[in-house]
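**Student:** Take a look at the following structure, please.
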Amino acid sequence: MPLPKAELHLHIEGTLEPELAFRLAARNGVELPYADTDELRKAYRFEDLQSFLDLYYQLMAVLRTEQDFEDLANAYLERAAAQGVRHAEIFFDPQAHLARGVGMGTVVGGLWRALGSSVENHGVSTRLIMCFLRDESAESAMRTLDAAKPYLDRITGIGLDSAEVGHPPVKFRAVYEAAAALGLRRVAHAGEEGPPEYITEALDLLGVERVDHGLRCMEDPELVARLVRERIPLTLCPLSNVRLRAVDVLAEHPLPAMIDAGLLCTVNSDDPAYFGGYVADNYHAVRDALGLSREQMRELARNSFLASFLEDDEELRARYLAEVDAFEFGQAHG
Ligand SMILES: [Zn+2]
């Protein structure tokens, strides 16, 4: 049995495996420029952020109907459950779909068909977080928030993703203020490839409660002290960091130093179909490459529930934390 954990940094579009991409392409009459799943899987071995994003957006063309989004989410939830995930806070990128003529109702409706019955079907509680593409305009983000208003009973919060450098958090101040007024929780990617100043901006100007990635905070000791003092969680994605070259090799990942600094670190998978592993694979990879102890692994799992948006169900959070505390590590150690 795997260590119980929450996943807090997961882009549902990034869970599209080659097999499902081909199945949906066939169902929807979409032609993919790959002969078969083997050739497509080779394309998943991209070298940098731009080649990843090119492939990521190209493959989204297969997602057209509510059924497609439901199938995508169910495929993720099944894999996640097998990896010990008990609670998942799932990102989606509506702008990428709206731009292709797929409506907000189709995306949220389809995802919800899977998420709404996830506890019964997969034993995984869920929350949905709508992300804005930071390389799109602030006006586009605001229009997207407007388009989401009929579905806010299904959306817990907002986030900010895609290419970071050159798109500082300040650009989205107005849309974050509007989202806060609607009662939405706020997170943002910051300090992955962008500088530590972006993390400070995300906290001060966007009011984020959790920072996605955030590993470049380590370049600024005062920022680290603040993140520790204010108990701001960071959602780290170690295998993603290696694939996108935020770190050269996993053995050089700053996670142990971040844990030692007292930061509230969590481990997540980001875009697992593309980055070589789901969340337990990330846990095992950091354990092996960085020599984390069993108690450090347990702490990461505890943190994932502490950092999750379960304020609306503290009883459930307490139950999950009790599961982590009671977990007995076997040979495979989590
Ligand atoms: Zn991400």
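From the backbone N, Cα and C atoms, a Cβ is placed for every residue, glycine too.
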**Student:** Of the candidates D270, D281, D288, D312, which one does TrEMBL list alongside H9, H11, H189 as binding Zn(2+)?
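**Tutor:** Between D270, D281, D288, D312, TrEMBL records just one in the Zn(2+) site with H9, H11, H189, namely D270.
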**Student:** Taking just the CA atoms, what is the gap between D270 (Zn(2+) binding site) and E192 (active site, proton donor) in Å?
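**Tutor:** The Cα atom of D270 (Zn(2+) binding site) is 12 Å away from the Cα atom of E192 (active site, proton donor).
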**Student:** May I ask which residues of the same chain, at least 6 positions away in sequence, place their Cβ under 8 angstroms from the Cβ of H189 (Zn(2+) binding site)?
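**Tutor:** The answer is R134, G159, L160, D161, E164, D212, H213.
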**Student:** Distance check, please: Cα of H11 (Zn(2+) binding site) against Cα of D271 (substrate binding site), rounded to an integer number of angstrom.
**Tutor:** 6
**Student:** Cα-Cα, whole number of Å: D271 (substrate binding site) versus H9 (Zn(2+) binding site)?
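**Tutor:** Each residue's Cα considered, D271 (substrate binding site) and H9 (Zn(2+) binding site) end up 9 Å apart.
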**Student:** Near ligand 1, which of the recorded positions show up if the criterion is a Cβ under 6 Å from one of its atoms? Options: E192, H213, D270.
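**Tutor:** List returned for ligand 1: D270.
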**Student:** Centre the Cβ atoms of H9, H11, H189, D270, go out 8 Å, and tell me which other residues of that chain have a Cβ in range of the Zn(2+) site.
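**Tutor:** After dropping the recorded site residues, what remains is L10, G14, F91, D161, D212, H213, T235, C237, S240, N268, D271.
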